[in-house]
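Taken verbatim from TrEMBL:
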{"type": "COMPBIAS", "residues": "1277-1287", "note": "compositional bias 'Basic and acidic residues'"}
{"type": "COMPBIAS", "residues": "1288-1301", "note": "compositional bias 'Polar residues'"}
{"type": "DISULFID", "residues": "Cys931-Cys958", "note": "disulfide bond"}
{"type": "DOMAIN", "residues": "27-178", "note": "domain 'F5/8 type C'"}
{"type": "DOMAIN", "residues": "183-364", "note": "domain 'Laminin G'"}
{"type": "DOMAIN", "residues": "370-544", "note": "domain 'Laminin G'"}
{"type": "DOMAIN", "residues": "546-583", "note": "domain 'EGF-like'"}
{"type": "DOMAIN", "residues": "582-634", "note": "domain 'Fibrinogen C-terminal'"}
{"type": "DOMAIN", "residues": "793-958", "note": "domain 'Laminin G'"}
{"type": "DOMAIN", "residues": "959-997", "note": "domain 'EGF-like'"}
{"type": "DOMAIN", "residues": "1001-1202", "note": "domain 'Laminin G'"}
{"type": "REGION", "residues": "1277-1309", "note": "region 'Disordered'"}
{"type": "SIGNAL", "residues": "1-28", "note": "signal peptide"}
{"type": "TRANSMEM", "residues": "1241-1266", "note": "transmembrane segment"}
Amino acid sequence: MDDLWTKRVAWIIAHVTLLLSSSRRTTGEEVCDGALVSNLPPSSFRSSSQLSSSHAPGFAKLNRREGAGGWSPLTSDRYQWLEVDLGERTKITAVATQGRYGSSDWLTSYLLMFSDTGHNWKQYRQEDSIGSFPGNSNADSVVQYKLQRPVIARFLRLTPLDWNPSGRIGLRLEAYGCPHTSDVVGLDGFSSSLVFRFGPGLRQTSRDVVSLQFKTLRNSGTLLHVEGERGLGLSLELERGQLLLLLRRGRTSSSEPRRLSSLGSLLDDQHWHHVALERRSSHLNLTVDRHTERVQIPAEFSRWDATQLSVGAIQDQGSQKPGVSKKNFHGCLENLQYNGENLIELVKLRDPQVTVMGNVTFSCAEPVSVAVTFPGPQSFLQLTATMASSSVGFQFRTWNKAGLLLTFDLAQEGGVVWLYLSEARLRLQIHKAGRALLELTAGSSLNDGQWHSVDLTSSGRGRLTVSVDKDEGGVAHAGYSVSVGSQLFFGGCPAAEESPGCQNPFDIFQGCMRLISMDNQPVDLMMVQQRLLGNYSQLQIDMCGIIDRCSPSRCEHAGLCSQSWTVFHCNCSDSGYSGATCHSSVYEQSCEAYKHNGNTSGHFYIDVDGSGPIRPQLVYCNMTDEDTWMVIQNNNSELTRIRPSPGVNQHSVHFDYSTEEEQLSAAISQSEHCEQELSYHCRKSRLLNTPEGSPFSWWFGGPGPGSPQTYWGGAQPGSQQCACGLQGDCVDPQHYCNCDADRLEWAEDSGLITHKESLPVRSLVLGDVQRPGSEAAYRVGPVRCHGDKNFWNAAFFDKETSYLHFPTFHGELSADISFLFKTTAASGVFLENLGIKDFIRIELSSSTQVVFSFDVGNGPLEVQVESDAPLNDNRWHRVRAERNVKEASLRLDGLPVAAQEAPADGHFHLQLNSQLFIGGTASRQKGFRGCIRSLQLNGVTLDLEERAKITPGVRPGCPGHCSSYGSLCQNQGRCVERDTGFQCDCSLSAYTGVFCNTEVSASFKPETSVSYTFKELYELRGNSSALPSSIYSDMTLRGENVSLSFRTHQSPALLFYVSSYYREYLALLINKHDTLEVWYRLDSSREVEVLRSRVRSLANGQLHTVTIRRLSDAVTVQIDQNPREEFNLTSDGEFNAIKSVVLGKVHDSADLDPDLAQVASLGFSGCLSVVHFNSISPLKAALLHPNTSPVTISGPLVQSKCGSSASANPYAAENTHHLSDQSGSAGSGQPLVNAVRSDSALIGGLIAVAIFVVVAGLAVTARFFYRRKETYRNQEVKGVKQEDSRDFSFNNQTDSQNVSGENPKEYFI
């Protein structure tokens, strides 16, 4: 009795001291750092063992010297522990350790465990990953660790991991914190629940909050149900260890709920978990432990008033009977509060607003369930059967798909039994003499982290049964009798020399087990821990150390998380992102970036913020102009007629865009220039100006729903004018819009909206459309943007000591850094950011190596990429570094990615606090000299140019891009520098397009002729003094380069002809044997020289490419990929005074030989493409520049893609553009009839059908009489089959100026 009184007095003294030490400071700040251990009696300490009575655990108090100066166990190994009972649940904020006084005994690292009952321990982890704590380096110094998250527990246990190798385990410790006050209720899961009816005492506010802590061993049950009018309710329910937020629309628990959110995992671990549900006007905030999710709720809940709160069950309103359901909660609740009101206190006070159902207690009864953790790989539990057992049972939980659960020898039959997981199914095998005697399978998806029960039973009647989850998960039977041998091994086998009879041909088991029984008798695992029963190795007894690495998921951008016991994996398929955590976008951020990768026009996914939260969007990139345009369509970009509606004075129309709001706003903001066409066609329909000054019409534009705008396309914001008002050329000078003149004639007001803050156009409101005689039509074009402000944002660092600094980079869990650089220096730091211990740095360590280094608390880690070619070549090189909780990676240009895995249980929070240095370091050493461009951190571009303007030693911008991108200009295209980027000049190329790689082709008929004429001889002589000599020297040639591609079925056929003022000529033709001939006549007094190629079958309709080069008298001819043929001329080698280049029919054949004149008169039927004569491209001049080039065209000339190898039939159904075509014009502002969408199109359609029937009848008649001529023409110009061109690879890009003409393709990059 005296001992009990002494302990009680000591406990009171300790807690009075704790209360005094944990009082408020003078500043009023509540602190929680009082000493918890120093005043405890020796009876509050327990340990696994003690070296002697003077090394007892009661002596393990900080800075004390009693006994042997601290605790030391009998043996120093990792199975020892020291435990402290604080007397009641206490808030613990810090732990301090010290070695044993005057000895060589101290810990260098340890684990911390906490518990409420002295069982079911929970390991404390830093950052949810780090399990170990740093210890001491000597016996006297104190190492204190402040817990990142305070812990509320009664028991504290410290487990040594490592200690001084020259000594043994020795420990003194202290814990710091303050008392924890709480109100607790226990619910039995059968009929007990609480019902709170809202009234004056439980007032509702605009911000309602319900919060509590709970603990349970059951993985399902209703925590809370809030009900309001019309039976609308919200429930928080446990399901398979997750907390679900459900919306219910009925008054009974049987009504089907709608899931709004799910959060948390493994919540049935019999540890306390914090839950808070906060309701705001339009959303809910659901918090489970430290993770919060924002949930949108239906609009009907915005004015919803709760009338009743049920706890532990769903209770019908007005019912006084307890609701009995398997869904009722079984466990404990603590500190249940509603809007700050202590609801458990109301229960204790028997408040009339509270109804208590069933057996509710004000204590927490906790059943003892001892679990054991198999962390692997040498983990096993060995138990001895006292007699031949006929049944074994246990429960397990794991994330692994495979692993050995149990093995034992057969006592009588001989052989071995293996019970194991394979593909997440339970399998049993009986082997004897290397042969499988029996195989059974039961259950599925057993790696879901839930507890699963397994029962193996052998009946005396020779029947073997394996069941999973009490037959619910599957059962398997076999006619086989099994008697368990003397030794059972759970989870694995000992080393072969320790137990040669145990064999494990399967994977190791990593997971938890509990409720192990043999012949229905439970196994006392606490006796196993004390080495009084069985044997084990590398087990954690009395705890389940399972961790859900997918809750919350570390996979970003909707990547799917899966896991094993030690690692998680992210499936990034179809997410648009890549990397270990789906962090990095696989798409470029703009059309400009795609262009500089060498792409041409087409549909592309762009990700405007890279790894940021905005999803990729599909846009059209038009790269045919000098600028690269991004085109974002809306749901109606056609000219649309307005039809008046009776009783409606205004016509409004809303526009939806092909991208989401956030994507569209970011794309507009990132672009240098954006525009959108806005036009109004009118007849007696006014637009803006009224006598009162208020507009008839307006539009909404800008982010979100847009803001009202009263100006029109082509004018300035706020001007209430149209383009003609700004330019002063409206049809009525008294008005600022053409339509405001209110005339009977059609008029038009149109122009471009270029003010980015007003884009895009969201809706139109058109007012003056109801008067008699009023007609109008509108058009809102697509949003078009060019220029990427981020892509060309650059700075030049001209000194090693120069740098730019920015605010601290925050990339705690995921960090990606990308930029381009060019330099002539061999080394330098691109980027550095420091913390107290952590840092991140990217540098050019040598002329061929880039290094990405960082430290997040696990020690410095480096990732390196080595280049075969020097990186200081003054060309742009791209660097992309990424670091996340799984790995660090570094990519340089197109080289293979280098990566380093992060430690499985290491630190993963990157904690930086200094400024971010670009181009240098805080020490101003090893700075970078050169250019850095397009620097982005986690998708956010740093404005280097703006910061460089105010920083000495750094210049904004960085010219010189052709050295890096000039190779994109093909086919003799010339790279031209621009302030931001480059441009390919195709003037000297026979090709066109953004990279001079779009073929220029045309379909020729027999009467087609294209003649490119040089200066006439008398002009040269008459102006010889004024002309440079180069022009005349070009007329007399010592050699020429000729190249072209063609398709034809015609032979003979003249492909190419060059004439001279001196009756000299060059001709390229296909003879009647389908072979190529080159005719040279370089001396009018001599006969023509004919060079014949050996390549045959050139008139087969396939695409062929011919290249002819002459230097003096040496001529080479190459056709397609055939060997080059060489010839020699006998003439003097000069081609004098050339006159013209002719393609197709030659009209002036007086200077030709009779045979050649006959072929020239036939003309050419087929396709010619990319015709090049020295620096002249006659076909390109005729098709693209007919008005500014010295070309003469006669007969039909049709621009085509027939020169592409992908063109199956160059003469049929092509997307062609005729030179004689004239684009339609509305004339005097009247809209084109076929461009206007309206309901009147139906009438027009009927008329068109009638006309079509009449015309079709006439066409059939005409075709009958014209059949012979058509048949002849089809034979002359025959279509090319698709398979004819598959052996040739040529570019198939187009050069149209709009989306429809580009023949767009989708690129998924």
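Along the chain as shown, the residues are counted starting at 1.
Cβ coordinates come from backbone N, Cα and C, glycine included.
Sequence-distant contacts of the domain 'EGF-like' (546-583) (same chain, at least 6 residues past either end, Cβ-Cβ under 8 Å): 125, 128, 242, 263-266, 291, 373, 375-376, 397-401, 449, 510-512, 605, 607, 611, 615-616, 813-814, 816, 882, 884-887, 889, 904. Of the candidate ranges 27-178, 183-364, 1001-1202, 27-178 has the most C-beta pairs within less than 8 angstroms of the domain 'Laminin G' (793-958). Packing around Cys958 (disulfide bond) is summarised by its Cβ count: 23 other Cβ atoms lie within 10 angstroms of its Cβ, all protein chains included. Residue counts for the domain 'EGF-like' (546-583) by DSSP state, with H, G and I taken as helix and E and B as strand, are 0 helix, 10 strand, 28 coil. For the domain 'Laminin G' (793-958), the model's average pLDDT works out to 92.
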